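Database features, via TrEMBL:
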- C382: active site, nucleophile (ACT_SITE)
- C248, A249, A250, P251, G252, N253, K254, E272, D319: S-adenosyl-L-methionine binding site (BINDING)
- 159-448: domain 'SAM-dependent MTase RsmB/NOP-type' (DOMAIN)
- 490-512: transmembrane segment (TRANSMEM)
Amino acid sequence: MVYKKVMDPVKPAAKEPKSRRLTNIERSSYFARREAAKVLKSVLQGDANRRAVGSIKTLVYSPSIRNKKATFALVCQTLKYLPIIKDVLEIANVLNSKWKRQVELMYIITYDILFGQDSSLTGDPEKYLILRKSQLQSALAKILLKKGAKRIEDLMSQYKIPADVKKPRYVRVNTLKLDVETAVSELSKDNMVEKDDMIPDLLVLPPATDLHNHPLVTNGSVFMQGKASSMVAVALGPKPGWEVIDACAAPGNKTVHLAAVMKGEGKIIACELNKDRVKRLEHTTNLAGATNVEVLHENFLNLNPEDELYSKVRAILLDPSCSGSGTVADRLDYLLPSHSHTSSDGDGGDVGRLLKLAAFQEKALIHALSFPGVERVVYSTCSIHQIENEDVIKSVLPFAAFLGFHLATPFPQWARRGLPVVEGSQHLLRTDPVEDKEGFFIALFTRNATRSPESPQKVERGSLENLKQEAVGKCDCHKKFLRARIPKTLVVWILSPAPILLYPPLSLFLHIDITDLR
């Protein structure tokens with residue numbers, strides 16, 4: 001007898017529920033969180049290594065970020081709450097190795113769940129944390145209890161989370177594309193607009209005015225640029241038709257301002273060493289329509305002043321790498337983890353870094369002054385530290401004087417001047433981080449256009465080269481003294497038997513590799 005196996009009738013497979021289509025708000029929020037995570041990762045890595053590619057604003061408002069407003073808000077708010085978020089995630093212990101590889105995104109989602117809006121949280125990482133929302137809330141409650149805080153605001157004060165700094169919204173009209181009156185007319189349709197009393201193409205709007213998606217911004221007719229930053233190109237004052245070098249040009253706001261001051265005539269050689277920042281610089285110049293800008297992917301210090309290519313250069317703008325201590329509010333550096341670890345003695349808590357910066361700044365300024373046809377050099381920083389400002393000027397003054405340069409006074413009507421630690425401090429310009437909401441420093445060197453280098457100078461340059469070699473040998477010794485914060489006076493001989501005293505002990509020609517500072 002043959003037995004046949006009776007087969008159960010095949011049941012049709014259960015239909016999987018169709019995934020619901022995301023709403024526009026959900027889709028926008030989903031991508032904003034991922035763009036914010038990308039920016040946050042770059043910010044935190046740059047802060048940890050002290051090699052930031054750019055400020056928070058520069059990274060958020062780069063062309064690759066589509067939803068700029070939402071991304072900016074998420075990055076800033078997550079950074080503000082980051083110390084609390086880290087403690088919550090540690091106590092809740094909800095992140096396995098898989099999710100730790102996406103920790104920046106998990107930070108942002110945790111912010112949204114605990115402090116933001118979790119109504120539009122879609123995506124696998126979001127679902128993972130939403131399922132553990134009670135654990136996150138329980139961890140936050142434990143922190144509140146431990147700190148004796150009743151409200152989140154009380155907890156933030158205990159974590160020393162700073163309040164937002166409010167400052168006017170400054171926008172500079174790009175006169176290569178638009179006249180000031182038309183810009184005022186257009187911007188006044190939605191905002192209160194005033195003209196700045198000192199910078200002719202600068203407009204002042206109320207704090208927190210959001211213009212990032214305004215047509216005049218997106219098409220390069222106006223640039224969001226602070227007042228102090230806008231002073232720099234005007235202080236240099238190159239005339240139309242001149243050849244100019246912007247020594248450390250990226251991201252390019254000052255470069256294109258120079259182009260506007262020169263009415264698009266002449267030539268600007270914009271130097272930038274960092275490859276990623278070169279792309280940003282090129283984008284800025286293209287957006288501004290600054291056709292007289294030539295972007296050069298090169299270390300400014302590698303440019304030979306005696307090269308015929310630069311014989312017609314008449315002005316140099318030097319805005320070198322600096323501590324950025326004067327723009328922590330504008331750059332939002334006060335949100336960075338490293339800011340909470342800085343010391344209160346005004347040196348940024350990192351004397352070694354300031355030493356390297358100041359040494360490079362001196363070297364770059366000396367190099368700028370060495371171009372034989374140059375008549376005007378502006379040295380500017382966004383630092384409040386004397387070591388990066390007046391001390392750099394004091395160190396190079398003998399060299400500058402020998403080449404026929406003297407300090408001139410940019411914006412004589414401006415009240416705040418240099419610290420009285422260097423001869424000619426009344427010519428130096430400072431802005432105050434409290435009064436002016438940003439701390440900048442500007443020094444303007446000028447010399448008579450008819451002066452040309454004499455042959456004795458070549459002899460003296462030989463002596464100065466010997467002095468450079470001497471200084472290199474003493475470099476380590478000087479660093480040890482400075483790190484110990486012991487004042488020391490260095491006596492050098494330059495042009496005559498009369499000694500010149502340099503203080504602080506930063507040698508005129510300390511050898512620092514620029515790649516260490518970028």
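Think of each number as a place in line: the chain as shown, counted from 1.
Just so you know, glycine gets a Cβ as well, placed from its N, Cα and C.
Annotated features, which come from TrEMBL, shown on the structure.
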residue: C248; record: S-adenosyl-L-methionine binding site; CB count, 10 Å: 22
residue: A250; record: S-adenosyl-L-methionine binding site; CB count, 10 Å: 26
residue: G252; record: S-adenosyl-L-methionine binding site; CB count, 10 Å: 28
residue: K254; record: S-adenosyl-L-methionine binding site; CB count, 10 Å: 25
residue: D319; record: S-adenosyl-L-methionine binding site; CB count, 10 Å: 22
residue: C382; record: active site, nucleophile; CB count, 10 Å: 25
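A mean pLDDT of 92 is what the model gives for the domain 'SAM-dependent MTase RsmB/NOP-type' (159-448).
When the record's S-adenosyl-L-methionine-binding residues C248, A249, A250, P251, G252, N253, K254, E272, D319 are compared pairwise by CA position, the greatest distance found is 13 Å.
Excluding C248, A249, A250, P251, G252, N253, K254, E272, D319, which define the S-adenosyl-L-methionine site, the same chain contributes D246, T255, A270, R277, L281, T284 within 8 Å (Cβ to the Cβ centroid), listed in sequence order. Among the binding-site residues C248, A250, G252, D319, the ones whose Cα sits within 10 Å of the Cα of C382 (active site, nucleophile) are D319.
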